[in-house]
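A short worksheet on the structure shown next.
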Amino acid sequence: MEKNIYIINLVLSLFWGWIFLVKGSLKRKKIIYLTIVFLQMFFLAGFRSINVGYDTEQYVNYFYILSNTDFSQLFQQASTLYIEPGYAIMNKIIALFTSDYQWLLIIMSFVTLLGYAIFIYRCSDNVYLSVFLFITLGFFYFTMRVMRQALAIMLICNAIYYLYKNKKTPFVILVLFASTIHSSAIFFLLLLLIPKLNSLEKLEKFLVIITVIFVIGTINFNVLFEKILLIVPKYSVYASKYDFAYRGWGTSDIMIFITQILFLFLVLYMLNNNKKYFSKISLEERKQIYFNVIYFFLGIGTLYLSTKIVLLDRMNFYFQIILVILIPKVFSEFKKWWFFAYSALFGCLLAYNSFLLEEGFKISKMLYEFCF
């Protein structure tokens, strides 16, 4: 049962999608489907045992420490524990009502998964495929492994939605809030510097510029990272530890990196050979697609840098989440070969999901058990 519960969750998400036949702009069906499937995932995440998830036990220990800390000493204690003030406040507020750590897992899981559901509802062309991607690419498992960063990533996702709409104030507010949960989120204020490109030619030139920046950054990586530590000095405590060690390329890294590069070329190919589609959509939607491609490309660069420093491995999840939106957009344009395209996609995702679970059972304490 410990392993099969994840398979059951995935199968049920497919079953509900088939029942409701989610597609197009059927708003009511989308809401019902997302409500059911995310309540299903919330039940697993919120009512899991303390033994499920790599950092869960540590979060519980933080909860007990912070619950017994006076408000006047809360920020100092948070600094001692190397956690951000926003997360400390959330723990303290929960502790005012209960000393049961299970409520921490319940509330954090509900808020985090609700936020992801809202992001998918707002931004996805195919919520059914987006949910399948959310599970098989490992984002659901991530919410149980490192729930503090998963919450921060959710906030960044919804901040990006406002960036799509050119609403910079709510974007900045959400990014700043996310940085009080996980300080790494502060770097996403730099997304304001990404131009709103309106042509494919400009997109391709911009990707070349980013590539050059990554190459230069790689050559001067040690100097660059010392500068980054000046912005987020709390991570300097790990400077001599494994998190800052040279990791090198593992089998999974090579597989993921090659897959992402191939998908990027697929996206660029489809953009170059689908001018008829682009003539039908608005300029704002076109800019959104280009932004997503740039954001995904930044994730590929981060994945490469994570082989030099382990801590950046988690940063890649901030960028990978955009695939939940980008892949449905790209695959919606497969008309002639749609059956082959979706069959290949589903086959690859199921294989990757199986790989993630096997790795998770070994190193991330993902063998499932309920709290009761």
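Positions of Cβ are set from backbone N, Cα and C atoms, glycine also.
TrEMBL does not curate its annotations; it predicts them automatically.
Positions annotated as transmembrane segment by TrEMBL: 6-24, 31-50, 101-119, 126-142, 171-194, 206-225, 246-269, 289-306, 337-357.
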Among 31-50, 101-119, 126-142, 289-306, stretch most in contact with the transmembrane segment (171-194) (C-beta, under 8 angstroms): 289-306
Long-range environment of the transmembrane segment (337-357) - Cβ separation under 8 angstroms, sequence gap at least 6: 3, 6, 10, 132-133, 135-138, 141, 252, 259, 327, 331, 366
For the transmembrane segment (31-50), distant same-chain residues with Cβ under 8 A (at least six beyond the ends): 5, 9, 12-13, 16-17, 20, 22, 56-57, 60, 101-102, 105-107, 109-110, 112-114, 116-117, 120-121, 127-128, 131, 135, 140, 143-144, 368-372
